[in-house]
Amino acid sequence: MSISSVLSADAIDSAIKDCQAPDSFCAKKFFQLCGLSKKSPQDVKKVFGILDNDASGFIEEEELKFFLQRFCPGARVLTDKETKAFMSTADDDSDGRIGAEEFQAMVLS
């Protein structure tokens with residue numbers, strides 16, 4: 001399964017273009033622009049499964065760096081600052097990784 005089976009290619013492209021400059025990524029805005037924040041909890045979990053590259057049930061910091069590339073292979077890598085900000089926004093229990101429920105809560109809130 002690919003993310004484009006849940007989100008439109010045009011919406012993904014728009015969201016990627018909005019954060020091309022280093023340190024311009026904002027998770028909330030990205031989820032709104034790509035349309036994920038308007039999807040069902042089931043669709044959000046599908047996208048989480050795609051982003052969880054090692055299928056551990058969590059998105060770790062190393063996977064988060066390549067977050068944009070999971071949406072669009074030619075996209076840039078997140079900066080360390082962006083990665084840490086994204087992690088701190090989503091990691092409610094401070095275990096250093098984002099679980100499916102944490103991801104869903106962040107996307108849909």
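A Cβ is built for glycine as well, from the same backbone N, Cα and C atoms used for every other residue.
The domain 'EF-hand' (39-74): residue composition by secondary structure is 21 helix, 3 strand, 12 coil, according to DSSP. Residues or ranges marked as domain 'EF-hand' in TrEMBL: 39-74 (among others).
Listed in sequence order, GLU60, GLU63 are the same-chain residues six or more apart from ASP54 (Ca(2+) 1 binding site) with CB atoms under 8 A from its CB. Look at TrEMBL and you will find ASP52, ASP54, SER56, PHE58, GLU63 tagged as Ca(2+) 1 binding site.
Here TrEMBL flags 78-109 (among others) as domain 'EF-hand'. Helix, strand and coil residue tallies for the domain 'EF-hand' (78-109), in that order: 20 helix, 3 strand, 9 coil [DSSP].
Less than 8 angstroms from the CB of ASP93 (Ca(2+) 2 binding site) sit GLY99, GLU102, each of them six or more residues away in the same chain. Positions annotated as Ca(2+) 2 binding site by TrEMBL: ASP91, ASP93, ASP95, GLU102.
Checking each of the binding-site residues ASP52, SER56, PHE58 against ASP95 (Ca(2+) 2 binding site) by C-alpha distance, the shortest gap belongs to PHE58. Remote same-chain residues near the domain 'EF-hand' (39-74) are listed as 1-3, 5-7, 12-13, 15-16, 19, 25, 83-84, 86-87, 96-100, 103-104, 107-108 (criterion: CB distance under 8 Å, separation of at least six residues from the stretch ends).
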